[in-house]
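Note sheet for the following structure.
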Amino acid sequence: MFPAQEEADRTVFVGNLEARVREEILYELFLQAGPLTKVTLCKDRDGKPKSFGFVCFKHPESVSYAIALLNGIRLYGRPINVQYRFGSSRSSEPANQSFESCAKINSHSFRNDEMAGRPSFPVPFFPITSAALPQEYFFFQKMPWYAHSPVLQPPFCEMPAPLPNSVPGSCALNHSPGPEAGPSSYEWTHQPPSDPDLYPRNKRKRQRPDSDSDSSSEDKRGNEGSQKCRKCKKKKRY
């Protein structure tokens, strides 16, 4: 077999590509089907990428598997078209028969899986890389309303339960439905303690300054009286 024919049998045609698709994205995507040797994204005379390209595998068996695995998946919202390359020995084969041919090629490995007790058709694993994801995905992740949207959370906002009234000096949230404050405004209010034993103590504490003032006034009166007595004694002496 000629080298050109051999390379054509190891290459797939990838069409209907979006303008933002790069060769690195195609490499990460088609690497799931097998090892690659070359990824080419066709460009026009101005250097702008066209809507198709070619992916060359290391083994020809990977071509049928890549068509069965990746044909029709969406890149940037557009389904890609994966076919045999024109000029290959299997280019006339319809795309819907690629899965059957892939099953025939890998029938030996499937039989070994059945002997080992594993399922005959293993589920392929699709690793998601940052290069294969559109930029809009990361843009919406960074938006604050994306992670804290009230629609995604429980009904509106669940406020924390207020502290029990038995705790002295506790505070609670009261809803104020005023037109200026808005329908969802809250204000802090101080709740007096419900323990009746605390009030006499406060009264006693308040009475202490009064008694002190009374004693000070009595002392003043006593001083004034003593001064008057001294004046009277002086007058009697004279």
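Keep in mind that glycine also has a Cβ here, set from the backbone N, Cα and C atoms.
Annotation source Swiss-Prot lists compositional bias 'Basic residues' at 228-238.
Across the domain 'RRM' (10-87), the DSSP tally of helix, strand and coil residues reads 18 helix, 30 strand, 30 coil. The domain 'RRM' annotation in Swiss-Prot covers 10-87.
Swiss-Prot lists 172-238 with the feature region 'Disordered'.
The feature motif 'Bipartite nuclear localization signal' is assigned by Swiss-Prot to 202-237.
Regional average pLDDT for the domain 'RRM' (10-87) in the model is 95.
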